[in-house]
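Annotated features, as they stand in Swiss-Prot:
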type: BINDING; residues: ASP14, SER15, TYR46, SER47, ASN79, THR80, THR190, HIS191; note: substrate binding site
type: ACT_SITE; residues: CYS78; note: active site, proton donor/acceptor
type: ACT_SITE; residues: CYS189; note: active site, proton donor/acceptor
Amino acid sequence: MDKKEKRPTVLFFDSGVGGFSVYREAKKLLPNWHYLYCFDNAGFPYSEREEESIIHRTLAACQLINQRYPLDAIVIACNTASTVVLPPLRAAFEIPIIGTVPAIKPASEITKTKHIGLLATKGTVKRHYIDELIDKFAQDCIVERLGTTKLVEIAEQKIRGHSVDLISLKDELSSWAGMADLDTLVLGCTHFPLIKDEIQLCLPQVKYFMDPSAAIAKRIKYLLDDKNLQVQNEKYNQMFCTAHFPEESQFKKALHLWGFESLEVIKID
């Protein structure tokens, strides 16, 4: 590819590395675009934070990165953050802001038993907008909700090279293990597609796993493809975090596997 070709710059933002599940679908669909990824590990997990804190930290990180790399779009690759930060971000930026919404509508269309599980963070499952999605698209279904921080931590450990603790995973999902007609699972946190295979081992009755990542990638393409983008970008893909962490050196060695050249710590407090 000619380096002088205009490439959109897209920032993916999450409190952890769960947003990799969205980024990898975008990279698969649009391999030559310029990607930045920021995970706010100093504020992790967002499911334990107040809404005002999530808004402040997300805005601060996005504005700081935008000053250095003029952005063409921001993807909030975090369901918990997407429930609160989209309006303030859209007020602060004149570029597309793309959120992550649990795939309840497609789940209601594909389920055969009309019994759906929504697996998300504690912050997401209690949001009013989840009630609205269910009322609008899944009134004829039984929708079980399970809010968990443990699965987020398990996914974080997996992406950092650790083995998945299946015993802990099974224990966390045990309340659903006996639901024989639970045939559809909405992965309502971007971390969970990263441990989908392990979840399936624990819930073998589930036939359909609903992950919005591919749809988000198509949305990015729709909003930015063939647009008159003014920046001629020759930058390499870069990752940011907000605090140093124990596995940092090992993590950096694996960056190229995800298509990134470097990891930089930024301060947003």
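Glycine too: its Cβ is placed from the backbone N, Cα and C atoms.
Structure with Swiss-Prot features highlighted.
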residue: ASP14; record: substrate binding site; contacts (Cβ under 8 Å, 6+ apart): CYS38, PHE39, ASP40, ILE76, ALA77, CYS78, ALA81, THR190
residue: SER15; record: substrate binding site; contacts (Cβ under 8 Å, 6+ apart): PHE39, ASP40, ASN41, GLY43, PHE44, PRO45, TYR46, CYS78, THR80, ALA81
residue: SER47; record: substrate binding site; contacts (Cβ under 8 Å, 6+ apart): THR80, THR121, LYS122, GLY123, THR124, GLY147, THR149, VAL152
residue: ASN79; record: substrate binding site; contacts (Cβ under 8 Å, 6+ apart): THR100, VAL101, PRO102, ALA120, THR121, THR124, GLY188, CYS189, THR190
residue: HIS191; record: substrate binding site; contacts (Cβ under 8 Å, 6+ apart): GLY16, VAL17, GLY18, SER21, LEU151, VAL152, ALA155, GLU156
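Maximum C-alpha to C-alpha distance over the listed substrate-binding residues ASP14, SER15, TYR46, SER47, ASN79, THR80, THR190, HIS191 is 13 Å.
For THR190 (substrate binding site), the Cβ neighbour count at a 10 Å cut-off comes to 33, with all displayed protein chains included. The residues near the substrate site, meaning same-chain residues not in ASP14, SER15, TYR46, SER47, ASN79, THR80, THR190, HIS191 whose C-beta sits within 8 angstroms of the mean position of the site's C-beta atoms, are GLY16, GLY18, GLY19, PRO45, CYS78, ALA81, THR121, GLY123, THR124, VAL152, CYS189, in sequence order.
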